[in-house]
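Have a look at the structure below before the remarks.
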Number of protein chains: 2
Amino acid sequence: MELVFLGTGAGVPSKERNVSAIALKLLQEQNCIWLFDCGEATQHQILYTSIKPRKITKIFISHLHGDHIYGLPGLLSSRSFQGGDTPLTIYGPQGLKSFIETSLNISGTHLTYPLTVMEISHGSIIKDEEITVYIEELDHVIPSFGFRIVENDKPGELLVHKLKEMGIEPGPIYQEIKEKAFVETSNGKRIYRKDVIGENKKGRIITILGDTRLSSRFTSFAKNADVLVHESTFREDKEALAEQYFHSTTSQAARLAKESNCKHLILTHISSRYQKEENEQLLQEAQAIFPQTDLAHDFSTFTIK
Amino acid sequence: MELVFLGTGAGVPSKERNVSAIALKLLQEQNCIWLFDCGEATQHQILYTSIKPRKITKIFISHLHGDHIYGLPGLLSSRSFQGGDTPLTIYGPQGLKSFIETSLNISGTHLTYPLTVMEISHGSIIKDEEITVYIEELDHVIPSFGFRIVENDKPGELLVHKLKEMGIEPGPIYQEIKEKAFVETSNGKRIYRKDVIGENKKGRIITILGDTRLSSRFTSFAKNADVLVHESTFREDKEALAEQYFHSTTSQAARLAKESNCKHLILTHISSRYQKEENEQLLQEAQAIFPQTDLAHDFSTFTIK
Ligand SMILES: [Zn+2]
Ligand SMILES: [Zn+2]
């Protein structure tokens, strides 16, 4: 799993930061990519990465502000133009469907692939074979959602030394033992999987919050996340402004990461009022509270082990 | 007058060319800028120019294909975000209003300036104090329009040597002579403006055609233009393909410029199939027919004298 930040600015594009979009690359896991938000020129940013639009199978939209959705019509059209033919599903707040339909219909765009738009609400759960996405409503000017992406636990490794002790040498039987509750050997002995397999490997957890004020409600939503991606529109001295505009500060994001026992915090959605040199200060404010913090720039990439 | 090409590609953005947008800078004439088409990321391109979105007072949309309109919602929002408060009028084909309204309403965007959307059709005329824009329907998959921008003729210069011969020395009376049909001097002599003023200065003419097949109808629409901006999606060997997709070739555009007695032809809307090194060949094909041809790149700027 890899997170690629395609746009890390707030509200309007600047030369330093494009508006919001994050790609979650699941190439090894599922040979596909999921996108979170799609601000204008997301498809332009993608030109400078190895991401192929046709590999994007799901798009999650946190809320309907322009800086999070105006890149959708163009990306959908280009995915088609470039010969994408695999299905695409978009999840987002009520109203999203009408925006997409109007944009595509008016421009006479006929997609070459099946497109489904699913409108989400608080408590929606999106279940995939290997991943479940939980959805929580945040606290923003308009309905805004967070996504908790939970990978299924994976069965542990076979305990080869134990099997060898039992006189079972490597061979096709190992695969059988992995797949069945028990296996009978040629000499009639039953081998129970639970006895010869290690502990379940915990699935990874990524929590991505859209634009929001801080709320204690989110502590359980971010609980134990391997990565928490949090907006950080303002510095800590602008808490009143953040409150007024339904956004968060660096230290609010860091407090949430700490209280939720997250492993790693990534700050994004940075106001263009902060110029290059101030980025370091934003980061330090968060790290003072939660040391395992990074501040995303456009094209920042993080591997989630 | 200055033409700035903000996007010169066809269909989809590439690293070399963004999708369509052209700015006509009328800063000296009217202290404003007009925009022709507004593909996705036009506002991003503008960041790399001296253009201020609040200076844009009119936007003309040739047709509703995504590569010509998907940048509108973002540009309109940013113009507001950056404190624009002067009126903006957008002219374009039927359906444009619904696209703009849906995009702005769904994203909860409240503009800080008055926005008017005027739907145009063949024969529409947009009259401004100093400029008249004529509109002609082109020949494309969906309704597509061309714009003939005609500057009013300006009165000639005062013939100072003639005035001096008549014994009238420079002073406030010169302004008076310019403004009135005749002026009476202190000694009761009548000076008629027409006798002491040079020939009218012809207004400039710019014809900008949206996506289209070639048609002989356009000869009069482009007649005597100082600049003809013409799409040139394909090279001359792809005339059949151009016909099929309702586009034009390099040499078709050049023939129109020649037959219309234009002074200057600028080719744009170049297919991404043509890489950097092929651009020179596209240009040569057109120049073989009409030598005063340029091929626009993103940020190409042309002054119209
Ligand atoms: Zn935002
Ligand atoms: Zn086009």
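Numbering starts at 1 and runs along the chain as it is shown here.
Backbone N, Cα and C define each Cβ position, glycine as well.
For the Zn(2+) 1 site that TrEMBL gives as A:HIS63, A:HIS65, A:HIS140, the extra residue drawn from A:ASP211, A:ASP226, A:ASP237, A:ASP294 is A:ASP211.
What TrEMBL records for the Zn(2+) 2 site is A:ASP67, A:HIS68, A:ASP211, and among A:HIS122, A:HIS269 the residue it adds there is A:HIS269. In this structure, A:HIS140 is the one among the binding-site residues A:HIS65, A:HIS68, A:HIS140 with the smallest number of other Cβ atoms inside 10 Å of its Cβ.
According to DSSP, A:ASP67 (Zn(2+) 2 binding site) is assigned to a helical segment. Same-chain residues with CB within 8 A of the center of the A:ASP67, A:HIS68, A:ASP211, A:HIS269 CB atoms, the Zn(2+) 2 site residues themselves not counted, are A:ALA10, A:GLY11, A:VAL19, A:SER20, A:ASP37, A:GLY39, A:SER62, A:HIS63, A:HIS65, A:GLY210, A:GLU231. With respect to ligand 1, the binding-site residues A:HIS63, A:HIS65, A:ASP67, A:HIS140 contribute A:HIS65, A:ASP67 as residues with a C-beta closer than 6 angstroms to one of its atoms, given in sequence order.
Taking 8 Å as the upper bound (exclusive) on CB-CB distance to chain B, the binding-site residues A:HIS63, A:HIS140, A:ASP211, A:HIS269 give none. Spacing of A:HIS140 (Zn(2+) 1 binding site) relative to A:HIS68 (Zn(2+) 2 binding site) is 13 Å (Cα to Cα, whole number). In this structure, the binding-site residues A:HIS63, A:HIS269 were compared by how many other Cβ atoms lie within 10 Å of their Cβ, and the smallest count belongs to A:HIS63.
The CA atom of A:ASP211 (Zn(2+) 1 binding site) is located 10 Å away from the CA atom of A:HIS68 (Zn(2+) 2 binding site).
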